[in-house]
Structures are given as C-alpha cells and as structure tokens.
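*Asks:* Sending over a structure as structure tokens; questions will come in a sec.
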Amino acid sequence: MEKVLVFGHKNPDTDAICSAIAYAELKKELGMNAEPVRLGEISGETQFALDYFKVEGPRFVETVANEVDNVILVDHNERQQSANDIESVRVLEVIDHHRIANFETSDPIYYRCEPVGCTATILNKMYKENGITIRKEVAGLMLSAIISDSLLFKSPTCTEQDVAAARELAEIAGVDADNYGLEMLKAGADLSGKTMEQLISLDAKEFQMGNAKVEIAQVNAVDTNDVLVHQAELEKVISAVVEEKGLDLFLFVVTDILTNDSVGLAIGNAANVVEKAYNVSLENNTATLKGVVSRKKQIVPVLTEAFQA
C-alpha cells in the first residue's frame, strides 16, 4: 500500500506535532499506510509532552515528493507554511483550525476546518465519528496540543469544545489537565540554552497580508524580560531574516504565561503598521500588547486589516 505522509506546519508547535501523530494513527486504524513527519525542530514544550507520554517524535523531512505522491496536512493550509515542495505532491486532506489562504488544489479533497482553538479538538471528534478508541498515550498528546494552543484555556481562541475535549482526553490519559498543563507550559517557557536564531524560529509563521510579506514568531516566557534582555542580539538576527526573505515586517512576540500580556518587537520597513493596528507607540522597536496571547485571533487578523486599510 502506498504511503501517505501526515505533517503540520514549518517551525512546528505542539499541535502541529501531536496532531500529525494522532491523525496518522487514526488513518492507520482505518487502513491507510500513514506516517507522521515534521517540518522542523521539536520545541521544549512538545518534547516534554512526548517524554511524559513516552512517545517517539516524528522524523524530520525537508521535502516530501522524493518519498510519496500523496500527503495530508494538519494544523495549516497556507503553502508558505508547508513543505518546500508541496506543489509537487497531491494533498489528500486538510484538518485545520486557521484562516484559509494561499491554498488551492487541482482535485477535490477532504477539507475540514473548524473555528476551534486546536486541531486536536477536531481529531477528538473524528476518532468518535469513526468509532476508534484513542490510546492513552495519544490522548495525552492531543490534550497537550489543546493546552498549548489555548494557553491552558486562557486564550481567546479557546472554545467550550476545546475545554470539553481536553477534559475527555485528560481522563483517558490519566492526568489532571491543569496540573499537567502548567508543568508543560513551564517547560516550554524555559528558553535557557536557546540561541537567538532558535528563539526567533521556535514558533514562526509567514503570512501574506495584502501586498506585504510578514513573519510572526512567538515564544512564551514566565518573565518577558528574560527574553528581551537579549534585544540587541535578537534585532541583529531578525534584521538578517528580514533581508534574506525580503520581509516587510518581522514581529517577534514574547508572551507572559502568568499575566497573559505580550511584548512585541517589530523590525522592518512596515513596523509602523503595528503601531496603527494596536494604537501603540513603538519605543526602541518594542510595545506592550495588553491581553494579547493569540497569534491566530489577536495578531494575524488585526495586522491583516491594518495592512489592507
């Protein structure tokens, strides 16, 4: 049987990795030869979840057409966030919870996108719809994905469906969602030992906003100053990325997981759009973004609107 690769976006977060594992397992149960893979390094937060539930992480691939003809995308759809040679393979399915942009196919496909906080929430439904029992380890990974995407249920992207799914999955996994979740988020917020290049690419996504090319990277921290003490070095590596990729804006967002506020570091010739979008003034290229924790709901649409205004 021909193999199908299942993967999330570049610079994968916990949902991208864990949903690839969970969906590949569901597809295997349904008779498909599916393998989860990843398009980037595994973060400290995701590694914590994999270690806790004793699951091996997916192998890394840069290209997919050299291995398979067919792929399944989870937790993304935009071409620039996907495999480098995504145009050379057929996308069979997409399971996602983000905006739909820069995506088209030559054939009809199964496309499932729901306005929930996490891909794993959708997968929880799909396991039930197919009458497949979720293994304890996989339930733990799916729970981890929801906790990560919802910032332990505090993000405005978090829905009642996400909370309900998390409670169900926690029961299957045999953990307390709140206690486990805090430990996992703290592990993700431990940025010691990371280079500046790693920091700005841990969870970075590229977007087309009107005519502007924008990259938004986000890291969680227990104290934003732990990250911003390296601002000069960060600006140097960000400026290099801006030049290399021809970006109009690189927004590096440091989110405090205790206060649920963020600080944005904006570099690029369109940095002023951040000021317009949030009605703030950049001082030394930074501004506090009160109550902003979600890239998907509080950054991407706000900036997109500002660029198109």
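Cβ coordinates come from backbone N, Cα and C, glycine included.
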*Asks:* H9, D13 show up in Swiss-Prot as binding Mn(2+) 1; which entry in D75, D85, D96 does that record put in the same site?
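*Replies:* Candidate in the recorded Mn(2+) 1 site: D75.
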*Asks:* Among D51, D69, D107, D149, which residue shares the Mn(2+) 2 site with D15, D75, H97 according to Swiss-Prot?
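*Replies:* For Mn(2+) 2, Swiss-Prot names D15, D75, H97; of D51, D69, D107, D149, the listed one is D149.
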*Asks:* Sorry to bug you, but what's the C-alpha spacing from D13 (Mn(2+) 1 binding site) to H97 (Mn(2+) 2 binding site), rounded to the closest Å?
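*Replies:* For H97 (Mn(2+) 2 binding site) versus D13 (Mn(2+) 1 binding site), the Cα atoms are 14 Å apart.
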*Asks:* Tell me which of the binding-site residues H9, D13, D75 ends up closest to D149 (Mn(2+) 2 binding site) in space, Cα to Cα.
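*Replies:* So, spelling it out, the nearest of the binding-site residues is D13.
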*Asks:* What count of other C-beta atoms do you get within 10 angstroms of the C-beta of D75 (Mn(2+) 1 binding site), across all chains shown?
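*Replies:* D75 (Mn(2+) 1 binding site) is surrounded by 29 other Cβ atoms within 10 Å.
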*Asks:* Setting H9, D13, D75 aside, what same-chain residues sit with their Cβ within 8 Å of the center of the Cβ atoms that define the Mn(2+) 1 site, listed in sequence order?
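*Replies:* Apart from the listed residues, the neighbours are G8, N11, P12, D15, A16, I17, S19, V74, H76, Q81, T119, K205.
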